[in-house]
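**Student:** Pulled the feature table from Swiss-Prot, pasting it below:
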type	residues	note
BINDING	68, 82, 85, 86	heme c 1 binding site
BINDING	103, 122, 125, 126	heme c 2 binding site
REGION	27-47	region 'Disordered'
SIGNAL	1-24	signal peptide
């Protein structure tokens, strides 16, 4: 069944009129300045915490943050300053935490003799600890605080 041409035109006009207000509404923005092309001052960089104390993680599977300064560390295809302290054979000498065993696995889960190439560039996951305030409220609670056995111990 085909629609009469006049009805088709009327339906098209009604749809267009109804969609008009939807197109004129402002789209919600996630971030940025009120005027996207205007220049705004960059916020100050947060201060790096360099007290060498490890801190708890903020969410499950979070890579540990770096509790010391890394400015000037060489991290390239030819050199990785992080490995001078955190490689298995050196970590005991300098009291640095050893690299996780997961960093020695390739994509297929096979163990390698040295750090996997996909885990070689530490700062792809690990970042220096700073005094930056969270952008959103963190409601993460460690599993140990949620289990009945740990609640009885309190």
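Counting starts with 1 at the first residue shown.
From the backbone N, Cα and C atoms, a Cβ is placed for every residue, glycine too.
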**Student:** Determine, to the nearest whole angstrom, how far the Cα atom of residue 82 (heme c 1 binding site) is from the Cα atom of residue 122 (heme c 2 binding site).
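**Tutor:** On Cα coordinates alone, these residues lie 8 Å apart.
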**Student:** Please determine which of the binding-site residues listed here (82, 85, 122, 125) has the lowest count of neighbouring CB atoms within 10 Å.
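**Tutor:** Counting other Cβ atoms within 10 Å of each of the binding-site residues 82, 85, 122, 125, the minimum falls on 125.
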**Student:** Taking only the residues the record lists as binding heme c 2, namely 103, 122, 125, 126, what is the largest Cα to Cα distance between any two of them, in Å to the nearest whole number?
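**Tutor:** About 13 Å separates the two most distant Cα atoms.
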**Student:** Any same-chain residues 6+ apart from residue 126 (heme c 2 binding site) with CB under 8 Å of its CB? Would you list them in sequence order, or say none?
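**Tutor:** Counting only residues 6 or more apart in sequence, the Cβ neighbours of residue 126 (heme c 2 binding site) under 8 Å are 63, 64, 65, 66.
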**Student:** Counting other Cβ atoms within 10 Å, pick out the least crowded of the binding-site residues 68, 86, 103.
**Tutor:** 68
**Student:** Which of the three DSSP-derived classes (helix, strand, coil) applies to residue 68 (heme c 1 binding site)?
**Tutor:** coil
**Student:** Roughly how many Å lie between the Cα atoms of residue 86 (heme c 1 binding site) and residue 103 (heme c 2 binding site), rounded to a whole value?
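**Tutor:** A Cα-Cα distance of 11 Å.
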**Student:** Apart from 103, 122, 125, 126, which residues in this chain have a Cβ no more than 8 Å from the mean position of the Cβ atoms of those residues at the heme c 2 site?
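**Tutor:** Here the nearby residues are 63, 82, 99, 119, 121, 123, 124.
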**Student:** Reported as an integer number of Å, what is the Cα distance between residue 85 (heme c 1 binding site) and residue 122 (heme c 2 binding site)?
**Tutor:** 13
**Student:** Check residue 82 (heme c 1 binding site) against DSSP and tell me helix, strand or coil, would you?
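**Tutor:** DSSP assigns residue 82 (heme c 1 binding site) to coil.
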**Student:** Quick check: which same-chain residues outside 68, 82, 85, 86 lie with their CB within 8 A of the centre of the heme c 1 site CB atoms?
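**Tutor:** For the heme c 1 site the neighbour list reads 66, 81, 83, 84, 96.
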